[in-house]
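Now, the feature entries from Swiss-Prot:
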{"type": "BINDING", "residues": "GLY218, PRO219, PRO220, GLY221, THR222, GLY223, LYS224, THR225", "note": "ATP binding site"}
Amino acid sequence: MSQTPPPKDGKNPEAMEVEDAIDEEILKMSTEDLKSRTHLLDNEIRIMRSEVQRINHSATTLKERIKENTERIKVNKTLPYLVSNVVELLDLEDNTEEEGANVDLDAQKTKCAVIKTSTRATYFLPVVGLVDPDELKPGDLVGVNKDSYLILEKLPAEYDSRVKAMEVDERPTEQYSDIGGCDKQIQELIEAVVLPMTHKDRFVNLGIHPPKGVLMYGPPGTGKTMMARAVAAQTKSTFLKLAGPQLVQMFIGDGAKLVRDAFALAKEKAPAIIFIDELDAIGTKRFDSEKAGDREVQRTMLELLNQLDGFQPNDDIKVIAATNRIDVLDPALLRSGRLDRKIELPHPNEDARARIMQIHSRKMNVNKDVNFEELARCTDDFNGAQCKAVCVEAGMIALRRDATEILHEDFMDAILEVQAKKKASLNYYA
């Protein structure tokens, strides 16, 4: 086996590498200097080890303290909260520093809060608590500790339970195709309510503001509520259904509070659609009256006017109102800027009546010889609801004679039944 020949100067290559790695200053030092230098380094290592041990001990102590505080916070948060409202948030300047002391400009101002509890007591909190003060604003509902009054949690906004019940959770199943003879009205409703929510960019490109609200008016049974239900079914927005008589309350200010809470809930869950049925219950023309009930109804309408065209309008909230008596509504409700678009739903014509009866009988076992055009000619002055009643009554007549399908004669008998219940032309206006 061949061996590597030693270098000419007689030095080992490994020793040469070690010498190259050592600083020249150390190579020039004497043995005594090297010993003292090594002793100093040993002392520094000993000091650093003790410092590491001290830091580890401090970290362990802090972890235990954090664990204790976390358990204490958990215990405090499981206690029943005292419900309070934030009245005001203050920037408190700390001027207690001694003259000439170093001042931290970032920590010079601290956020403080003034709260009012459900016991009608008002407290000033120099320390807010567990909630970031930047997340709070006056009027927020918070849960505080009943002993220290520190804010433990921000609670959801409080709404009237009657307003929460107005939100439609289960979507209606109606579609635009279920409404016959109202193609123009459906198009106007889609343009005013649905398009601003689904295609907002088209309005921005044209530089126009969509209508804030829609008023549907016409005789009873012409499909006003059904159109609103179709809009609720076709849009993914929050849908609130209010009835005018619901807003007429016994106590002063109760109806106005319902209107305020309804719009506040719609603003929180925007985009939202508010449907007010039977608007004439609260929207009648204002007049001088000494009765407290009349004045309360007028106050409710004034709150509705304020929400429709208030100081802070919201384009993500659309209002659909329906009424049979547009002639008694207050002019302030009808002016532009509030209920901008008025959609009239008149009695259906002959073609519309035929279409309505075809829609309501499409799932029924109807004989192919049924002539809906002839039925439409026989149902003069019928509204949409009465046309639907004809289909239902025809099915009941066929059921009465144990038939498997509905004949044309059943529809004719049903028309006579509905006309007999009608007896005379009804007058819906006083």
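The backbone N, Cα and C atoms fix where each Cβ goes, and this holds for glycine too.
Features as recorded by Swiss-Prot, highlighted on the structure.
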| residue | record | contacts (Cβ under 8 Å, 6+ apart) |
| --- | --- | --- |
| GLY218 | ATP binding site | LYS224, ASN324, GLU344, LEU345, PRO346 |
| GLY221 | ATP binding site | ASN383, GLY384, ALA385, GLN386 |
| THR222 | ATP binding site | LEU345, PRO346, HIS347, PRO348, ASN383, GLY384, ALA385 |
| GLY223 | ATP binding site | ILE179, CYS182, LEU345, GLY384 |
| THR225 | ATP binding site | ASP277, ALA322 |
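DSSP assigns THR225 (ATP binding site) to a helical segment in the three-state reduction. Sorting the binding-site residues PRO219, PRO220 by the number of other Cβ atoms within 10 Å puts PRO219 first. All protein chains included, LYS224 (ATP binding site) registers 27 other Cβ atoms within 10 Å of its own Cβ. Take the mean position of the Cβ atoms of GLY218, PRO219, PRO220, GLY221, THR222, GLY223, LYS224, THR225, the recorded ATP site; other residues of that chain with a Cβ within 8 Å of it are ALA322, ASN324, LEU345, ASN383, GLY384, ALA385.
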